[in-house]
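Below you'll find the structure, written out as structure tokens, and then a few comments.
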Amino acid sequence: MALFKDFPAAGDQTPAASRALVRKWIFSITFIGLFLVLLYQLALIFRPFILPIGWAIIVARMTYPLYSRLRARLGHRETLTAAILTLGVITVIILPAVFLVVVLIDESLAAYEEISNWVKEGGLARFMRDIAHYSIGGVSFQEWLGRLIGSRERIEQAVLEGGKQASGFFVSQLAGMAADAMAFLMNFLVMLLTLFFLYRDGARVYRRFYRAIPMDEGHKTKLFGRLSGMVTAVVQGSLLTAAAQGSAAGLCYWLLGVPFPVVFGALTALFALVPFGGTSLIWVPLALYLMTTAPIWKGIVLIGIGVVLIGLMDNVLHPLLVGSETQLPMILLFFSTVGGLAYFGLIGLILGPILLAIALTAYEIYVEEFEEDRRLLAVPNDRSPAQIIPPT
């Protein structure tokens, strides 16, 4: 590090060298302390804008290849290209997302109210009676569900509580963005402004930031490559695949007459992130519902769609979108995704796995350094430790 490169040798014990060493240490400690204080103050200044800046970074990262191609077509006019692509993001991504949020909030509230009334009026009891003759592995569906949850009263309570939690989650996460219109508008404008400058100046900022990190070049390459691969894996792989599954499922629910198709489509997308059960935890109960309340062929069709279309989309789309960008333990990826969603909100779907990737990469770097140190300190077979390690 440049601050320490001119330190006198440790063996130089002259008074002048000692004073120079003390001054150098005082200057270095003071400089680092002031720098940390400034970083803390900057963090406080940027704190209100962390979420919009974070979303802008994610969108810019995923659309930057498109920006590069468009810039080449426009004669490398960076400002014009950034403005056009920012407007494109507003039109293609943000406006449809806002519309989906509004519809999802409206359907979530209506769905919980209707499900509650249906259970209280005995609809669940009739449903359980109608599906009693269906079996899973030789065990009746009602008995299987009873083993899993308990008595009918507990099943009703679980349905009510599950509906309340699901609708409450969507409302709290999505309606919160509209609770303060001015704050939402401000964050929206900050995100767009940040996105524009990331397109135009992002490459230069990234190179400066990369050079400033005091790490070995190989470690920096590994860390940033892992982070880039993780963003690609989470956004293109997990989230886009889940969104595709949820969209396809929602369309099928609507065509088959399932009530509240947007809510159940969103739940299907959310459960697509669950490694055990996944989307079947949503479409199987809905298929049984259709088989008891509608022509039985609708339930059979939904089962076929769930197995062939929705179920296989993950196996087909995920490898195509991700490739071999990153390989993380599935269970850790699941917990980091769902835990990030619960702790950070919607951006936690991406931030959680990114933090996991940083932690695992830091661990790998530590292991590599530890193994290297152990190799350098290894004792040859024909020499004792006393011959290698000098006396203190």
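Cβ coordinates are placed from backbone N, Cα and C, and glycine is handled just like the others.
Those TrEMBL annotations? Automatic predictions, nothing curated.
Note that the structure is a prediction, hence the values are computed from the model and not measured.
Positions annotated as transmembrane segment by TrEMBL: 25-43, 49-67, 79-105, 181-199, 230-256, 262-288, 300-321, 341-366.
For the transmembrane segment (341-366), the partner stretch with the highest count of Cβ pairs under 8 angstroms, out of 49-67, 230-256, 300-321, is 230-256. Contact between the transmembrane segment (49-67) and the transmembrane segment (230-256) is present: at least three CB pairs lie under 8 Å, with pairs separated by 6 or more positions in sequence. Between the transmembrane segment (230-256) and the stretches 79-105, 181-199, 262-288, 300-321, Cβ pairs under 8 Å are most numerous for 262-288. Just going by CB pairs under 8 A, the stretch in 79-105, 262-288, 300-321 that sits most against the transmembrane segment (181-199) is 79-105.
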